[in-house]
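Peer 1: Mind looking over this structure? Questions follow.
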């Protein structure tokens, strides 16, 4: 019996360059497959700009910062202007994953103290000039006592009214936990991306975070399931993506397979989506970014491996 295939119900694959070599056979002549070429376009931005998206999880170590870096750069590669805010006050890491740690000279603390302008605290990526990073504080620095959700809302309003124009996306990398840092990070957001892994501890924390987001008025919540291993799902040692979706009841933005290249890219400060050739995880992040732009979602499809077996496992879409 043929091995099970990978299925997808998502209607928006990633933005790919034209491939004139793709043809179908025809009795009369060769014709390009239109379905393979119709997605060679910039994704259509849905919703009002700027889109203010907080990326959160509750549990630490599930891949929030990795998701922020890769989705943010994917949005920039699609042609949208992006400002990524590292809202982790004490343990910031987004600058490391982006390879910008040596260029962060000023932070929001200096802006609030009047020591620099907002444009001086924004770090523009050299690879994609429409992507900018903004850190709230430096490691071991002391924040003003009054810093909180209101200060972050002021910061977002300042980004909206910049002379060079408002960004299309403001992405906030939320710290782990549900304490004051979490409350501060979600205050200005109007939509959220919840990152989780298919293990019970991450899911319990994710369920708690969903309730807090909804209490704060954020109803547009989508989910990214990270570090998925189909071999463990097949052996019933890991929950399937469909099980995770049924437990949390969220729309699925993307599924990221386990990939050893994540560690290499983190240590190099070179996000996965910039790799050539691309990795599976990098492609999955690009697809998640595409769905975020068009406010689309995907579905996990359950496929029976063999008729004689009673077990099922889910595959994820591309």
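Glycine is treated like the rest: Cβ placed from N, Cα and C.
Sharing the record's features from TrEMBL:
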| type | residues | note |
| --- | --- | --- |
| DOMAIN | 53-269 | domain 'CobQ/CobB/MinD/ParA nucleotide binding' |
| BINDING | 59, 60, 61, 62, 63, 64, 65, 66 | ATP binding site |
Peer 1: List the residues in the vicinity of the ATP site, defined as same-chain residues other than 59, 60, 61, 62, 63, 64, 65, 66 with C-beta within 8 angstroms of the site's C-beta centre.
Peer 2: 57, 67, 176, 195, 226
Peer 1: Using all protein chains shown, find which of the binding-site residues 65, 66 scores highest when you count other CB atoms within 10 A of its CB.
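Peer 2: Highest number of other Cβ atoms within 10 Å: 65.
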Peer 1: To see if you understand the setup: which same-chain residues, six or more apart in sequence, place their Cβ under 8 Å from that of residue 61 (ATP binding site)?
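Peer 2: 176 - these are the non-local Cβ neighbours of residue 61 (ATP binding site), listed in sequence order.
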Peer 1: I'd like to know which of these binding-site residues, 59, 64, is least surrounded, judged by other CB atoms within 10 A.
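Peer 2: Least crowded of the binding-site residues 59, 64, by Cβ count within 10 Å, is 59.
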Peer 1: Using CB atoms and a 10 A radius, I'd like the single residue among the binding-site residues 60, 62, 63 with the highest neighbour count.
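Peer 2: When each Cβ's neighbours within 10 Å are tallied, 62 tops the list.
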Peer 1: Tell me, roughly as an integer, the mean pLDDT over the domain 'CobQ/CobB/MinD/ParA nucleotide binding' (53-269).
Peer 2: 93
